[in-house]
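K.L.:
Please read through the structure below; I'll follow up with questions.
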Amino acid sequence: MRSEILASAFLGLAVRSIISLYSYSGFDSPPMHGDYEAQRHWQEITVNLAVGEWYTNSSNNDLQYWGLDYPPLTAYHSYLVGRIGASIDPRFVELHKSRGFESKEHKRFMRATVVSADVLIYLPAMLLLAYSLDKAFRSDDKLFLFTLVAAYPGQTLIDNGHFQYNNISLGFAAVAIAAILRRRFYAAAFFFTLALNYKQMELYHSLPFFAFLLGECVSQKSFASFIAEISRIAAVVLGTFAILWVPWLGSLQAVLQVLHRLFPVARGVFEDKVANVWCAVNVVWKLKKHISNDQMALVCIACTLIASLPTNVLLFRRRTNVGFLLALFNTSLAFFLFSFQVHEKTILLTALPALFLLKCWPDEMILFLEVTVFSMLPLLARDELLVPAVVATVAFHLIFKCFDSKSKLSNEYPLKYIANISQILMISVVVASLTVPAPTKYPDLWPLIISVTSCGHFFLFFLWGNVQQFSSKLS
């Protein structure tokens, strides 16, 4: 089994290395470039400026040009990578002069930093979670799960293609999930706090962790035990936050400035054509014309909480392993569909529990994971990553078919037809978008069709996930 696991890991690394050869976000596209330049610029800022200046606008730190808008752990990571880059070539992070810097050597360095995070954090974390699931369920599915995780094109195309470090926050979150399954609650609190302090979008996973851990505390045999347990978990969370935020804790204004950067209400409810409810509604009813940003933020918070509460209340009352994974799936999907300032890439947060729910619902989850890649195609097409996206998705589906003994499609005809219709629809839209030019009057027609189609799928999966959590014997 170890040799097969190792082979799957090398398969995943090979796919990542191949995708790394392709273009990235903002290549040769001045003046703003893209996410690649954002990551490079954060290295420039953190290496050259004092810690207290990282989130503050100044002549040396123009926040309008890719200002740092992720939590402190991302900033520390940028500093580390920037220091390594500066030792290779100081031009990589030279203050002001390195803006928009591009070279073959720099691309190799930046790509290597993402693959290093895959090797050191993401893949080991996913393997730990696969082993933890096997232990929790007394099964032997780790090769099936880990192979599909390693081959999942969504994370690979965004991190190793488009260019981000989702692998780090997702890796920490995976370790936290594994800790929950192993009933190591202090470790779960610690690693989830790390994930949240790397990317604030990990809030998508926060309610299930809160509900599960609070439920465990409430279930203690005495009030004294409850106080002791909740105090220890709170100490882990607050202590980790304090250590990571210590450079800013001396000033309330400094803390508020960081929070302002992390939650920028002024940007609007969504950017581009993201596959969530608000983008779909905006097709027929222009939100910005009728609702202010502040009002829309409150609407989003209310809708997200209403959509998330049932699954988490049930998890609080009935804490099972499958129920926890379903709560992560349902809650993160509710956040994606209804929350404020959603990006295409944040669907990866729902893909994380979906990859491990393949264990229980392989056919449903493989379709969902394919839709996640489909929903990001406009973004990937802009980065000239459409070819690797299609090839990687087909390969992912074929790898799943190699484990076809787990499939139920052969004897569940409604599910088979639904899956076939969805796949034909997605293929047809992709082919049409490549062969039929959008009308001049509607240049974003195809991205909009992709986002609305994906949103419809995601909403149905959200309903399905809640039905499963409330009715399935597994949960």
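Think of each number as a place in line: the chain as shown, counted from 1.
For all residues, glycine too, the Cβ spot is worked out from N, Cα and C.
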K.L.:
Can you identify, from 161-181, 350-370, the stretch that Swiss-Prot calls transmembrane segment?
P.N.:
161-181
K.L.:
Using a Cβ-Cβ cut-off of under 8 Å, list the residues of the same chain that are 6+ residues beyond the ends of the transmembrane segment (114-133) and lie near it.
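P.N.:
Distal contacts: 5, 9, 12-13, 16-17, 20, 139, 141-142, 145-146, 149-150, 155, 159-160, 163, 165, 167-168, 170-172, 174-175, 177-178, 181-182, 321, 355-356, 359.
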K.L.:
For the transmembrane segment (161-181), find every same-chain residue at least 6 residues outside the stretch whose CB is under 8 Å from a CB in it, and list them.
P.N.:
19-20, 22-25, 34-36, 39, 74, 77, 110, 113-114, 117-118, 121-122, 124-126, 128-129, 131-133, 135-136, 155, 187-192, 194-195, 198-199, 201-202, 205, 209, 212, 321, 324-325, 328, 345, 348-349, 352-353, 356, 379-380, 383, 385, 388-389
